[in-house]
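Taken from Swiss-Prot, the feature (6S)-5-formyl-5,6,7,8-tetrahydrofolate binding site applies to ARG25, GLU83, LYS122, LYS444, supported by sequence analysis. What Swiss-Prot lists as domain 'TrmE-type G' is 218-370. The GTP binding site annotation in Swiss-Prot covers 228-233, 247-253, 272-275, and the record cites sequence analysis as its basis. Residues or ranges marked as Mg(2+) binding site in Swiss-Prot (evidence: sequence analysis): SER232, THR253.
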Amino acid sequence: MISSKNDDIAAIATAHGIGSICIIRLSGSTALQSALKLTKISNLSPRLATLTKIYSLDKEFLDEAIMIYFKAPASFTGEDVVEFHTHGGFVVADMILNELVKLGVRLAEPGEFSKRAFLNDKLDLAKAEAIQGLINSRSEAAAKILARQMRGDLSRYVEQMRNELVKTLAFVETSIDYADDDLPDDLLEQIKTMLEANAAKLDKIVQISEQRRGLIDGFKVAIVGKPNVGKSSILNSLLSYERAIISDEAGTTRDRIEENFKVGTHLVRIIDTAGIRKNAGKIEKIGIRYSLAAIEEADIVLAVFDSSSASDEQDERIVELVKNSGKKVFFILNKSDLAFKFDLDLSPSIKISAKKGADEIVGRLRDYLDSQDSSEMMLSSNHQIKQCKDASVAIKRALNLLGDELELFAYEINTAIAAISAITRSFERSEILDEMFSHFCLGK
């Protein structure tokens, strides 16, 4: 559990390992005094890089480093913050950190700097989530979306909607207090229009965020088809190394195989699945269930068929399955270097042989992924999506009560305000904050 104390905390803010620079971050009401005790200087000017020698409490020289002082409240945490920019590697940095601990500075817990920034109104929850997401982002699209959220785009969106709901609640509660006076019809219509618009906005942002979740987490691509149509060969070709066992024996792939690779600027997680067929053994049937589950969770499906064989009932079943999945489907006609016998119309399709044609698949994937607009407002976490869904449901319940049950209407609007506010503002339960910030890295 993250401490709620206002004591001085410190952590190494850069990744452990060999590098040219290592940064130690120190925050708290006496951070400056603690930092100066490891030097022979008497003060630091705010926001000015100062080159100085660092000593242990026993006056042993440790390093020559740059120190920067951020005076409260003009710092990341809102407290006094001092940074030591030491030479890289973790040995020297750990030695300096140990000296700070001897002075009574506490080692920070993961996310504690960001939690202090939040508690000191330097950061809201949406921006905090964006910072952590940006640190962990693995594609340009994700970085751009999260940078906009960190800039405050989502926070402004939430605050505008919250203010409209609060204004509505004020009108209604005034009417409840003066029960003899009914709300004017034109005001009821204005409230109805505003609530319908906000519910529609919430539904839209949830839909966009769920549909384009792959822009942040990476797109899942499932390779499906009958046994022995070349799914594993295609996987190996896309990855440019032998990840899956290839055999002429049908049903070689029984376990689900997952690997990440880049398609242009996008992260893709590709899933090779067991072949789908009727007469499968017990273990293979389990693999087939995994295949069906992979289609369900995938953003994109590569449906692979053997173009050198006539189509059969199993092929028709797979075509129907993927077409009804609601996912983006690319039909791959493999073994196109052999005589063409496949007689199902799968236009448009990609004709390849397992060892040739991966570039065309990658090109089609890249074109499709590039077409996914990342400029629209998006929610970056499951928490944000849930809060928007809850707010939308509460608003719709309120609409059904408008003009009749005003006390219940006010309750539902309060519920909607609480749900939407939780995207940027404090939760009532401190343990939820602890859970969120505990996933941050040290020094953040």
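Glycine is no exception: its Cβ is also placed from the backbone N, Cα and C atoms.
Note that this is a predicted model, so its numbers are computed, not measured.
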Problem - Integer Cα-Cα distance in angstrom, LYS122 ((6S)-5-formyl-5,6,7,8-tetrahydrofolate binding site) to SER232 (Mg(2+) binding site) - result: 50
Completion exercise
Whole-Å Cα distance, LYS231 (GTP binding site) to GLU83 ((6S)-5-formyl-5,6,7,8-tetrahydrofolate binding site), is 52
Fill in the blank from the handout: The answer, for which of the binding-site residues ASN228, SER232 has its Cβ ringed by the most other Cβ atoms inside 10 Å, is SER232
Handout entry: binding-site residues compared (ARG25, LYS122, LYS231) - the one with the fewest other Cβ atoms within 10 Å
Key = LYS122
Practice task
State the mean pLDDT for the domain 'TrmE-type G' (218-370).
Solution key: 79
Handout entry: DSSP-derived class (H/G/I helix, E/B strand, else coil) of ARG25 ((6S)-5-formyl-5,6,7,8-tetrahydrofolate binding site)
Key = strand
Fill in the blank from the handout: Rounding to whole Å, the Cα atoms of ARG25 ((6S)-5-formyl-5,6,7,8-tetrahydrofolate binding site) and SER232 (Mg(2+) binding site) are apart by 48
Exercise for the section: Output, ordered by sequence, the same-chain residues six or more apart from GLU83 ((6S)-5-formyl-5,6,7,8-tetrahydrofolate binding site) with a CB under 8 Å from its CB, or 'none'. Expected result: ALA13, ILE23, ILE24, ARG25, LEU26, MET67, ILE68, PHE70
Problem - Three-class DSSP secondary structure - SER232 (Mg(2+) binding site) - result: helix
